Amino acid sequence: MSSGNAKIGYPAPNFKATAVMPDGQFRDICLSEYRGKYVVFFFYPLDFTFVCPTEIIAFSDRAEEFKKLNCQVIGASVDSHFCHLAWINTPKKQGGLGPMNIPLVSDPKRTIAQDYGVLKADEGISFRGLFIIDDKGILRQITINDLPVGRSVDEILRLVQAFQFTDKHGEVCPAGWKPGSDTIKPDVQKSKEYFSKQK
């Protein structure tokens, strides 16, 4: 795994790359064009594999939930945009993706994967890296899974909601926090309000 330039609390590495857009067209996109929105940027190893379609379809199927949070989901792999399109055009029952509601970025030179520290150099593919970037372009969360285990869309939604809550209210979110749950005031005395309610 490469060390990369992605660091929590710092601007996420910008990129410009060709993506297959939800309308099936090719378009060059930049991370910077999403400034003002949260971004969930995730890498997956390869098109036409086994765990990858389950993750990508899960994110695509719930793209509207992210959109309601002013959050754009973007997927990326080292495959060409032509390969992405072929996979999208392959029926789900044959291991394909079917129509997508999120852009899929092509990183054939592996520069984006390297920049984000997810390149598995010995195989020339990406680990399952996921990055939550806030509306100011600051990297707020990083997870990197080894190849055989997929990610939870529910957990990513929860994290976006939690970061947005802390941005807006200045309170912090305890373990397992969900919208509507109690939060903690980050103050020695005021935090006792939360802890006094615990069993």
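Glycine residues also receive a Cβ, built from the backbone N, Cα and C atoms like all the rest.
Note that this is a predicted model, so its numbers are computed, not measured.
Feature annotations, reproduced from Swiss-Prot:
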type	residues	note
COMPBIAS	184-199	compositional bias 'Basic and acidic residues'
CROSSLNK	Lys7	SUMO2 cross-link
CROSSLNK	Lys120	SUMO2 cross-link
CROSSLNK	Lys185	SUMO1 cross-link
MOD_RES	Ser2	N-acetylserine
MOD_RES	Lys7	N6-acetyllysine
MOD_RES	Lys16	N6-acetyllysine
MOD_RES	Ser32	phosphoserine
MOD_RES	Thr90	phosphothreonine
MOD_RES	Lys136	N6-acetyllysine
MOD_RES	Lys197	N6-acetyllysine
REGION	176-199	region 'Disordered'
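The shortest Cα-Cα distance between Lys120 (SUMO2 cross-link) and any of the recorded positions Lys7, Ser32, Thr90, Lys136, Lys185 is the one to Lys7.
Rounded to a whole value, the Cα-Cα separation of the residue listed as 'phosphothreonine' and Lys7 (SUMO2 cross-link) is 36 Å. Lys7 (SUMO2 cross-link) sits 26 Å from the residue listed as 'SUMO1 cross-link', taking the C-alpha atoms as the reference points. A Cα-Cα distance of 9 Å separates Lys16 (N6-acetyllysine) from Ser32 (phosphoserine).
Distance noted between the C-alpha atoms of the residue listed as 'SUMO1 cross-link' and Lys136 (N6-acetyllysine) is 24 Å. Here the Cβ of Lys197 (N6-acetyllysine) has 8 other Cβ atoms within 10 Å, regardless of which shown protein chain they belong to. The residue listed as 'phosphoserine' falls within a helical segment according to DSSP.
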